[in-house]
């Protein structure tokens, strides 16, 4: 679609393709959130999501590297045809991986246990579960936290296109994705590192890490924008990666870009601490992606009005700052060390049963039942003998 627009200047196909992409991407990302919250054990949810996100942005970094190599010495401000061709080929090849996805019901952990019981769900069942989320105070409190994580992205992309020339924009895109990998993996390590304490405490540490990183970056970017005083009614400075002004700009740009993964991964982790039940995690995934996409759409709309970058930056700074106390509160009130005992249909891993002494309880109960049965039989035999 973008290739077509680049050649023809006609909008009908990009608009149609954008709508279709939105539908398909919604399904893809809902599935990704479902997998990240339903498949891993509770002790691995932070690491699982961080690896999933790293694979995603790693692919984006490879794509950006291809585009960078092709456009490095290009004098044009447009994208070469070869970039479009390479991306089309990569996208076509990637669809084959969908054939490798297994049905959740057939998945088994290393100890041989299934994830849960997967019963057939009718449309009314789906609507009932989704409706239940809409009246769950925990989910309602987290709506701003689901709305905000991607709002900065259209703003950052717009600023990248305005302030830098073509090859520097592509370089920034590659660095944007690369910085997210260590940041996301570090957050995942925090969230699953049992040496740091309980699951609630680790979540508190993760939120604090996010808050310090993102607030500090917004402050730095506010100062950078104030120093440039960009006027969007005139062409941008077209900063090149060889210019002296680039050094400070790229540091702030990369630190700002890192929030893309750590912000939403933190929100997904908190959502994942609320339940392990696959039907609920699927509904939560759909709700999260829907609200997240709504925030992104609003951000695109705001940027389309050519608001001053300082105003957009301030708005997203304020909105993200609101999220930290909300996340702290939900974790404080709702996060427990495990949900395995509280949800019907969810199968606990063997090591969890042992740690919680469940197997010992079962053995004791069986022994108690046997002893009670023996006493009942003995009592009956004694009563019969007395009657005789």
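Cβ coordinates come from backbone N, Cα and C, glycine included.
The annotation region 'Disordered' is assigned in TrEMBL to 369-388.
The transmembrane segment feature in TrEMBL is assigned to 12-39 (among others).
Per TrEMBL, the feature transmembrane segment maps to 51-70 (among others).
Annotation comment: TrEMBL describes 82-101 (among others) as transmembrane segment. Away from its own ends, the transmembrane segment (82-101) comes close to residues 2-3, 6, 63, 66-67, 70-71 of its chain (Cβ-Cβ under 8 Å, at least six residues beyond either end).
The transmembrane segment feature in TrEMBL is assigned to 137-155 (among others).
Only residues 6 or more beyond the boundaries of the transmembrane segment (175-191), in the same chain, are considered here, and those with a CB under 8 A from a CB of the stretch are 45-51, 53-54, 57-58, 60-61, 64, 156, 202-203, 205-206, 209-210, 213, 250, 253-255, 257-258, 260-262, 265-266, 269. As annotated by TrEMBL, transmembrane segment applies to 175-191 (among others).
The feature transmembrane segment is assigned by TrEMBL to 203-226 (among others).
Residues of the same chain lying 6 or more positions beyond the ends of the transmembrane segment (246-271) and with a Cβ under 8 Å from any Cβ of it are 33, 36-37, 45-46, 49-50, 53-54, 57, 142, 145-146, 148-150, 152-153, 156, 160, 163-164, 168, 172, 175-177, 179-180, 183-184, 187-188, 191, 203, 206-207, 209-210, 213-214, 216-218, 220-221, 224, 239-240, 284, 288, 292, 320, 323, 327, 330-331, 335. Summarising the annotation, TrEMBL assigns transmembrane segment to 246-271 (among others).
Sequence-distant contacts of the transmembrane segment (283-302) (same chain, at least 6 residues past either end, Cβ-Cβ under 8 Å): 22, 26, 29-34, 37, 126, 129-130, 133, 139, 143, 146-155, 264, 267-268, 271, 274-275, 312, 315-316. Annotated transmembrane segment per TrEMBL: 283-302 (among others), in sequence order.
According to TrEMBL, the feature transmembrane segment maps to 314-332 (among others).
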Going through 12-39, 51-70, 137-155, 203-226 one by one, which has the most CB pairs that fall under 8 Å from the transmembrane segment (314-332)?
137-155
Who are the long-range neighbours of the transmembrane segment (12-39) in its own chain, taking Cβ under 8 Å and residues 6 or more past its ends?
1-2, 4-5, 45, 48-49, 52, 56, 104, 107, 115-116, 268, 271-272, 275-276, 278, 281-282, 284-286, 288-290, 292-293
Folded-back contacts onto the transmembrane segment (51-70), same chain, C-beta under 8 angstroms, at least six residues removed:
32, 35-36, 79-80, 82-83, 86-87, 90, 167, 170-171, 173-174, 176-178, 180-181, 184-185, 188, 260-261, 265
